[in-house]
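Below is one structure, written out as structure tokens; the observations come after it.
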Amino acid sequence: MALPAPRWLRREVLVGLALGQFVSLLITSTGFSSSELARRGVNAPTSQSLLNYILLALVYGGIMIYKRQLLTVKWYYYLILSIVDVEANYIVVKAYQYTSLTSVMLLDCWAIPCVLFLTWIFLKTKYGLRKLFGVGICVAGVVLVVFSDVHASERKSKGPSPLKGDMLVIAGATLYAVSNVTEEYIVKKSSRIEVMAMLGVFGAIISGIQISILEREELRSTEWNASAVLPFIGFALAMFLFYSTVPIILKICGATMLNLSLLTSDMWAVLIRIFAYHEKVDWMYFVAFAGTAIGLIIYSYKLPRTRRRSQAQLMRRPQQRTTGRSECPVPEKMMDRTQTSPRRKQLPQ
């Protein structure tokens, strides 16, 4: 009888890996849109996310109204999730004004240890040595990307204030970790449509209030031509697809797998630079991409269920005493009968 395929070759894991790379491409496109807007002097991070929240509210809120679906999770959980998510987007997009794209991509990896810690504390997720080893390989692949940048002397401009930008990225990555873990907790108790609808409604309200306070003058002074509007629209559409796909990955694989998949966004950015801008890149990029892919497979790999059951049965089976002759197994009912049978009455002498 043939052994079943290992878990990482099964449909749910392959779907999770494919969706992870899809959202990684979406994050790459949002990074290029944000850096392009920053290069053109547009400094309105909350405004970039507002259209995304409006689309989420209209699409998924409309589905909820059509189905007459009631909330299964208290509204204040969605309010907390929206506040954290809006501020995480604001801080990370703001960091593009002060530091380079490479630094943002690298320091965004800080979300991975934060997710590991938060899921271990609050969701009681257990991580073995194999999963931690896979995480280490993924992070090492991203570190290779940075060494490749230094080796190729591509980081000519580090931004006006690299230290401030780096601190903003670390703070934003921490908030992203909190947002991902909170969303994983909520999405497993409710539906994806409900999560996206409520996140869109509260996110749009919070973003509108923040824009009126912080970005009103910036929007007035911006020259709204095609070069400024198109990156805005591209950012919003990519974020809408990203938010729509993330709950599926969280339900299949969890927050850690999501953040590990997003590490490959650096490598996809390299491929865009090769084919779209015809730039030459260092060979370390390809090694880093392969290392990250291997780390994802190691993290998602598990033994088949039949092997896990057989190993568990072997661990639970009592050790039999070895004798010179072979022993026949005694049925469990007969053992109980011999142990509990009453003593025979003695005949009177």
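From the backbone N, Cα and C atoms, a Cβ is placed for every residue, glycine too.
Bear in mind that TrEMBL entries carry predicted annotations, made automatically and left uncurated.
As annotated by TrEMBL, transmembrane segment applies to 50-66 (among others).
Per TrEMBL, transmembrane segment is recorded for 75-92 (among others).
For 104-123 (among others), the entry in TrEMBL reads transmembrane segment.
The transmembrane segment feature in TrEMBL is assigned to 132-151 (among others).
Sequence-distant neighbours of the transmembrane segment (193-214) (same chain, 6+ residues past either end, Cβ-Cβ under 8 Å): 44, 46-47, 49-50, 52-61, 63-64, 67, 69, 71-73, 75, 78-79, 81-83, 85-86, 90, 183, 186-187, 243-244, 247. The feature transmembrane segment is assigned by TrEMBL to 193-214 (among others).
According to TrEMBL, the feature transmembrane segment maps to 226-250 (among others).
Counting only same-chain residues 6+ beyond the ends of the transmembrane segment (257-277), those with a CB under 8 A from a CB of the stretch are 16-17, 19-21, 23-25, 27-28, 31-32, 101-102, 105-106, 108-109, 111-112, 115, 134-135, 138-139, 141-142, 145, 176-177, 180, 246, 249-250, 285, 288-289, 292-293, 295-296, 299-300. According to TrEMBL, the feature transmembrane segment maps to 257-277 (among others).
For 283-301 (among others), the entry in TrEMBL reads transmembrane segment.
Annotation source TrEMBL lists region 'Disordered' at 311-349.
If you look at the transmembrane segment (226-250), the same-chain residues 6 or more away from its ends with a CB under 8 A from one of its CBs are 16, 19-20, 22-23, 26-27, 29-30, 33-34, 36-37, 40, 42, 47-49, 51-52, 55-56, 59, 180, 183-184, 187-188, 192, 195-196, 199, 257-258, 261. Remote same-chain partners of the transmembrane segment (50-66), defined as residues 6 or more beyond its termini with a Cβ less than 8 Å from a stretch Cβ, comprise 86, 193-194, 196-197, 199-201, 203-204, 207-208, 211, 232-233, 235-236, 239-240, 243-244.
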